[in-house]
Amino acid sequence: MKVIEAPLDGCLIIEPEVYSDSRGFFYESFHVERYRKEAGLNLPFVQDNFSYSERGVLRGLHFQRTRPQGKLVRVTHGESFDVAVDIRRGSTSFGQWYGLILSAENRRQFWMPPGFAHGFLALSETLAFEYKCTDYYQPEDEGGIAWDDPELAIQWPLQNGVPLKLSVKDSSAPMFSAYRDEIFL
Ligand SMILES: Cc1cn([C@H]2C[C@H](O)[C@@H](COP(=O)(O)OP(=O)(O)O[C@H]3O[C@H](C)C(=O)[C@H](O)[C@H]3O)O2)c(=O)[nH]c1=O
């Protein structure tokens, strides 16, 4: 597998080894030993998530305040623009965002350690999004940042004529500056 350092401190792009033949293809989507040895992922994953979205759905930006989750994310059907924002105040990439295309076609996985806000935009008619988390979901611990926060200025690849679909929660998320007095991992 190929491991590429992303511009945010600690984030990685992982490209698994794909075995194609006349029937189709096969790849190992996770392997404790290999991901520890080759990507340095040594935090245990305790929860797998799956979300289905349709074109124009934007989920995020979400994080957990006191129980931050590391996430290994991938797309198994369709295409998304995936975004991580470094909210770790002591990090060299604090306040910076990074986005990449994750798709069933590129088979890329994206690792963000605990301490990032995460979101994605569905770019295909339908999107199957899967991810592994290093801590459990704690709804009372959840924080959100507005997807269009001008301070972050995330360059979402919005598609002409495709209305955004957001949850009520995401439609009213605060700006990043609302957390200026809070110290995250
Ligand atoms: C995240 C989560 C949600 N839920 C329940 C709570 C709600 O009844 C329902 C939908 O939750 P929510 O609207 O928060 O789902 P997303 O908007 O996809 O949230 C996720 O989107 C961004 C992109 C993330 O990275 C996080 O994993 C997560 O915040 O699923 C659970 O039961 N367990 C969970 O781990």
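Here the Cβ of each residue, glycine as well, is placed from N, Cα and C on the backbone.
TrEMBL does not curate its annotations; it predicts them automatically.
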Listed co-binder of substrate (same site as R23, E28, Q47, D48, N49, R59, K71, E142, K165, source TrEMBL) among H77, H118:
H118
Here the recorded positions are R23, Q47, Y131, E142, and the Cα closest to that of H62 (active site, proton acceptor) is found at E142
